[in-house]
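Undergrad: Could you have a look at this structure, given as C-alpha cells, before my questions?
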Amino acid sequence: MSLSRLSIDAFRNIDSAQLAPGAGLNLIYGHNGSGKTSILEAIYFLGMGRSFRSHLSQRVIQNDADCLTLFAVAEGQAGDSRIGLRRHRSGDTEVKIDGEKVKRLSQLAEALPIQVITPESFSLLFEGPSARRQFIDWGAFHASKQFHLAWMNTRRILKQRNQLLRDGASYEHIAFWDKELIRYALEVTAIRNDYVGSLNGVLKGIIGEFLPDVDIRVSFTRGWDSKTDFSELLQSQYARDLAIGHTVSGPHKADLRLRVGNLPAQDALSRGQLKLLVCALRIAQGKLLKQQIDKHSIYLVDDLPSELDAKHRQLLLKELIDTGAQLFVTAIEPSAIVDSLPVPPDRMFHVQAGRVTQTK
C-alpha cells in the first residue's frame, strides 16, 4: 500500500497542498513550525479519522475555514483506491472510499495501515498499559477479521456490567452479562496472545540489529491471573467490583511487558535505546502485517535524527527501507537524512510557512 497522490486543504497551517509521493522514501524538510509535521498528521488523519497530536480534532481545521478536506489515491495489489475525508468544525465527518460513503472509521484503518514514529512515541513505554493495548490491538485488528467485532462486543458488555455495578445490582443480574463477557473476552485474549507470539518472532531479529548487547524479553499479560479461570474470577471479585463501581480484571487490563533482566525496559535503557526499541516494535508490526496479509504499512517518521547518533540513524533508516514500505520522513535539514541513506530519497518536499514544494 502506498499513496501516489495526496491533497490537503485547510489543515493546520496548510491552506492547500498537492503532493505526488514516491513509493519509497519521501523526505519532507523545513524549519520548525513550517508545516512538515502537519503533512504526516494529515496522512494519519486520513487513515484514522483523528490526529496523533490532539484528541480535539477541531483544532486541526484552519481558523478561517469551516472544514478540512483530505484526499489520496492509494495504490495496492488489488488496484487503486480513492480515499476522501471532510471534517466539519461541528465535528461531523464525511468519508468516502471509491465514491462509497464509509460508516465506520475502522474501514479507513483497514484501507490505510499506518505506523507512526515521533518523539512522542515514548508514550508506548511510559503512559501505562492503555498505549500498549492499542499497539497490540492495531496488529490484532489487521491480523484477524474476528477481532474488531469481538473487542467491540467486549467493550459494550463491560460498559453494561460497570453500570450495573454502579447501580448496586445483585450478582444474579450481572451473571447474565458475565456469560457473554467471558465468551468475547476469551476470543479477544486468544487473538491478542497469538498476535504477540507472532510479533515476538519478527521482533527478535530487529532488536538484535538495533541493540545486540541487550537481552529484551517481551510478554503478553491478559488482564487477569493466568492460573485463574475468568468465570470464577468474575464471581469471586464481585464484591470488590461492586465496592469500587467497575470491573477490576479482564481484557481491558491487558498489557505488553518489556523487560531487561528484572527491570522494566524503561528503567533499564537510555533514552536513545528506548527510541530504538519503540522503532523496532513499529518496524516489526509492519513486517508482520506484510507476512500475514501481504499488505505494506505506511510509515510516518517525524524528527528521526532526535537522540540518535549517525550510526544508529543509518541503521534505523536501513531497517525502514528494507521493509519495502512507503516512508514519509521529516527533518529540519535534508542532509541529516540524505547523508545516512544508501541511495537518494524517491521524493523530496520543502515546506515553508505551510507551502509545499517538490524539490526532487
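Just so it is clear, glycine is given a Cβ too, placed from its N, Cα and C backbone atoms.
Under the heading ATP binding site, Swiss-Prot lists G30, H31, N32, G33, S34, G35, K36, T37, citing sequence analysis as support.
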Undergrad: Need the DSSP three-state call for G35 (ATP binding site) to compare against my parser.
TA: coil
Undergrad: Where does G30 (ATP binding site) sit by DSSP, helix, strand or coil?
TA: coil
Undergrad: In the same chain, which residues outside the set G30, H31, N32, G33, S34, G35, K36, T37 have their CB within 8 A of the centroid of the CB atoms that define the ATP site?
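TA: Near the ATP site, the remaining chain residues are S38, T330, I332, V351, Q352.
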Undergrad: In the structure shown, which of the binding-site residues H31, K36 has the fewest other Cβ atoms within 10 Å?
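TA: Relative to the other binding-site residues in H31, K36, H31 has the fewest Cβ atoms within 10 Å.
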Undergrad: Let me make sure I understand the structure: which of the binding-site residues listed (G30, G33, G35) has the fewest other Cβ atoms within 10 A of its Cβ?
TA: G33
